[in-house]
Amino acid sequence: MNQQNAFQSFKTKIIKINQLLLILLRLLPLLLLLILLLLLLRLLLLIPLPLQRLLLLLLLLLQLLLLLLLLLLLLLLLLLLRLLPLLLLLLLLLLLLLLLLLLLLLLLLLLLLLLLLLLLLLLLLLLLLLLLLLLLLLLLLLLLLLLLLLLLLLLLLLLLLLLLLLLLLQLLLLLLLLLLLLLQLLPLLLLLQLLLLLLLLLLLLLLLLLLLLLLLLHTATTTTTTTTTTTTTTTTTTTTSTTITTTTTTTTTTTTSTTTTTTTTTTTTTSTTTTTTTTTTTTTTTTTTSTTTTTSIILLLLLLLILLLLLLLLLLLLLLQLLLLLLQLILLLLLHLLLLLLVLLLLIILLLLILLLLLPLLLLLLLLLLQLLLFLLLLLLQLLLQLLQLLPLLLLLLLLLLL
């Protein structure tokens, strides 16, 4: 009975020891993971932070707590195994220590491998970050150069726009001067047209007067010629009557004596005298007709010449009027064109002013972009410096781990 009780108590103790060992084996990976996390946190704490001391204190406290837990577990094992003989206790302790040492060695190897891998990964990440930062720096530098070029181009555009504005203002002034000149020329042209119209009226009046004179002269010449012809006919009739009287006298002389014949001779002498008078009258009529015809022809020729001159003057005046009308039309067209040009120039000036107002805004935007890029450059440079400070620490850790 005593043996059976001892055997049962031994069995119960072994079962309890196995249970405790299983509990320890379950708790060990958690403890190892906690230790790994603490080591990683220590590595992370190498990065400068404002709360670094507080985190270090917390890590130390966690490590102390873990050690206390391990001690408590060992004490529990000793309390449970105090009824066993010392040999079994020593053997079990040795076995446990060996197992723990083996586990610790394995865990340490694993931890070292993990740390090496982590450090390598960190180094790779740092190198990649450095490369990325360098690329970003290059890109930012290129952007800065491009922005500077854009600024220069915008400044050149501003200068060109200012020059264009000055040129357009000069053109505006010239156009305004031309408009003033044209406006001054228009009343002069109107006055010239009025003068030409007055001259045309005067010439027309002169032409009418000359035509009336021509008509009067033509009627006067025709009446004088008719009167001369009537006088000639009357003289011829008188001569015929005298011839009839002479014949009668000759007949009387034949019937009477010789004394009567002498009388007939006297009568013949008288008849001759009458004929002479008739001849003189005919000569006078011919002279008057000749003089009147020559003067009328000369006057007619003069009047015709004057008429021709007046007609030529009329033609010249009409041509001048046409020229003036053409000039007026040309001036009006020029006015319209100048007004259109003025409107276009004003529109162009407005557009240029709008561009001049927009360009400073663009310059401000570019300056803001430059400031942002410079700020980013500074940040990247700070990150690069911090990473470069971390690189030697990581290299030292790797060397220590390898050793």
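Each Cβ is built from the backbone N, Cα and C atoms, and glycine gets one as well.
According to TrEMBL, the domain 'ABC transmembrane type-1' annotation covers 318-403. Across the range of the domain 'ABC transmembrane type-1' (318-403), the DSSP-based residue counts are 85 helix, 0 strand, 1 coil.
The region 'Disordered' annotation in TrEMBL covers 227-286.
Feature annotation from TrEMBL assigns transmembrane segment to 20-48 (among others).
Per TrEMBL, the feature transmembrane segment maps to 54-80 (among others).
Look at TrEMBL and you will find 87-112 (among others) tagged as transmembrane segment.
Here TrEMBL flags 118-143 (among others) as transmembrane segment.
Sequence-remote contacts of a segment are chain residues at least 6 beyond its ends whose Cβ falls under 8 Å from one of its Cβ atoms, and for the transmembrane segment (150-183) they are 331, 334-335, 338-339, 341-342, 345-346, 348-349, 352-353, 355-356, 359, 362-363, 366-367. Per TrEMBL, transmembrane segment is recorded for 150-183 (among others).
The transmembrane segment feature in TrEMBL is assigned to 189-217 (among others).
Note on the transmembrane segment (297-320): residues 196, 199-200, 203-204, 206-207, 210-211, 213-214, 217-218 of its chain, located 6 or more positions outside it, place their CB under 8 angstroms from a CB of the stretch. Marked as transmembrane segment by TrEMBL: 297-320 (among others).
Per TrEMBL, transmembrane segment is recorded for 326-348 (among others).
Residues or ranges marked as transmembrane segment in TrEMBL: 355-377 (among others). Residues 136-137, 140-141, 143-144, 147-148, 150-151, 154-155, 157-158, 161-162, 165 of the same chain sit 6 or more residues outside the transmembrane segment (355-377) yet have a Cβ under 8 Å from a Cβ within it.
Sequence annotations record features per position, and here TrEMBL assigns transmembrane segment to 383-402 (among others).
Through the fold, the transmembrane segment (189-217) approaches residues 296, 299-300, 303, 306-307, 310-311, 313-314, 317-318, 320-321, 324-325, 327-328, 331 of its own chain, all at least 6 residues removed from its boundaries and within a Cβ separation under 8 Å.
Listed by sequence, the residues of this chain that lie at least six past the ends of the transmembrane segment (326-348) yet keep a Cβ under 8 A from its Cβ atoms are 168, 171-172, 175-176, 178-179, 182-183, 185-186, 189.
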